[in-house]
Protein chains: 2
Amino acid sequence: MRILGVDPGLTRCGVGIIDANADRSVSLVSVTVLTTDKDLELPQRLLQLRSELAALIEEFKPERIAVERVFAQHNLRTVMGTAQASAVAFVEAAERGIPVDMHTPSEVKASVTGTGRANKVQVATMVGRLLTLPEGKLLPDATDALALAICNAWRGGAGTAPKGALTPAQQRWRDAERQAKKRG
Amino acid sequence: MRILGVDPGLTRCGVGIIDANADRSVSLVSVTVLTTDKDLELPQRLLQLRSELAALIEEFKPERIAVERVFAQHNLRTVMGTAQASAVAFVEAAERGIPVDMHTPSEVKASVTGTGRANKVQVATMVGRLLTLPEGKLLPDATDALALAICNAWRGGAGTAPKGALTPAQQRWRDAERQAKKRG
């Protein structure tokens with residue numbers, strides 16, 4: 001299963017492509033950070049982003065696309081750019097019939113590090129380990145895009161509810177954990 | 001000069017198309033409110049919006065497109081949908097080389113009513129008068145899209161600074177008005 005992760009942004013848009021294998025291992029296919037020219041007008045920047053993203057989709061033919069779910073941020077301008085960049089990714093995916101999933105930052109962190117409160121360094125370290133990358137080579141946006149793709153590979157995407165992705169034994173374990181927390 | 005105004009939205013996207021004549025009169029070409037199916041996933045909704053907007057652009061061949069500039073709103077979910085819908089309009093315009101302008105709601109209100117603090121009813125009334133429409137027929141999103149197109153027609157768009165659009169006599173009048181306000 002080939003998965004393309006998008007950390008959407010207008011100035012820097014991380015794109016990470018991985019192959020998710022049946023044994024739950026993941027391997028790097030490609031990773032890049034797309035940038036658009038700040039001197040261009042917004043419509044031209046979005047068009048540029050679209051062309052570059054479309055080229056990657058055509059080249060690597062992902063079967064699923066995972067996009068970070070955007071939430072409130074301090075800077076509204078950033079939120080707008082992020083939302084607009086994600087719209088470009090959504091339309092490119094939908095046009096080609098590629099299923100899209102959204103994951104929150106904490107889902108992504110929890111998937112690759114085991115905790116939704118992991119910091120950037122932890123996430124980067126785990127992404128590097130899981131994909132057996134050389135250390136200290138990736139830009140943060142690139143790391144986040146790869147982490148998204150890994151999260152999507154493991155959580156199950158394309159409308160698969162997380163609960164459905166658990167085996168009966170895993171569900172019992174989860175239920176037991178919840179009970180323990182309530183008691184604690 | 002044919003102008004297409006877009007009041008961007010995911011659930012309801014107003015589109016108003018006008019012809020702006022040399023004598024500053026404006027006439028209605030077409031107006032509609034595009035809707036997308038709430039039951040669809042976000043990528044499919046954006047794709048649907050794109051198809052419908054593209055069809056209108058192909059049919060009416062606007063020379064300029066005016067889009068409402070989105071600002072902070074109370075509901076972040078609404079802002080996101082608005083930003084994503086506007087991204088679709090931007091890309092459709094940029095792809096065809098059609099210049100795009102953005103106008104703030106207060107610019108639009110000021111253009112059609114004379115005050116940036118006009119309410120919805122005032123704006124609707126003036127849009128109806130300027131385009132000689134029968135009363136009480138338009139949805140609010142449709143009215144806003146037409147008001148945007150009229151604003152664009154009168155302020156001058158496509159990179160024309162408002163100042164440059166004034167004749168020397170108009171500039172003197174504006175400067176005199178400002179002086180009067182300072183004194184007041």
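Glycine too: its Cβ is placed from the backbone N, Cα and C atoms.
On a predicted model such as this, the values are computed, not experimentally measured, just so you know.
Sequence annotations record features per position, and here TrEMBL assigns active site to B:Asp7 (among others). With a cut-off of 8 Å between CB atoms and residues at least 6 apart in sequence, the same chain places B:Cys13, B:Gly14, B:Val15, B:Gly16, B:Glu68, B:Asp141, B:Asp144, B:Ala145, B:Leu148 near B:Asp7 (active site), listed in sequence order.
What TrEMBL records for B:Glu68 (among others) is active site. DSSP assigns B:Glu68 (active site) to a strand.
Taken from TrEMBL, the feature active site applies to B:Asp141 (among others).
According to TrEMBL, the feature Mg(2+) 1 binding site maps to B:Asp7, B:Asp141. DSSP gives B:Asp141 (active site) a helix state.
If you look up TrEMBL, you'll see B:Glu68 marked as Mg(2+) 2 binding site.
What TrEMBL lists as compositional bias 'Basic and acidic residues' is B:172-184.
According to TrEMBL, the region 'Disordered' annotation covers B:160-184.
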Coarse DSSP state, helix versus strand versus coil, of B:Asp7 (active site): strand
Number of Cβ atoms other than its own within 10 Å, given for B:Glu68 (active site): 25
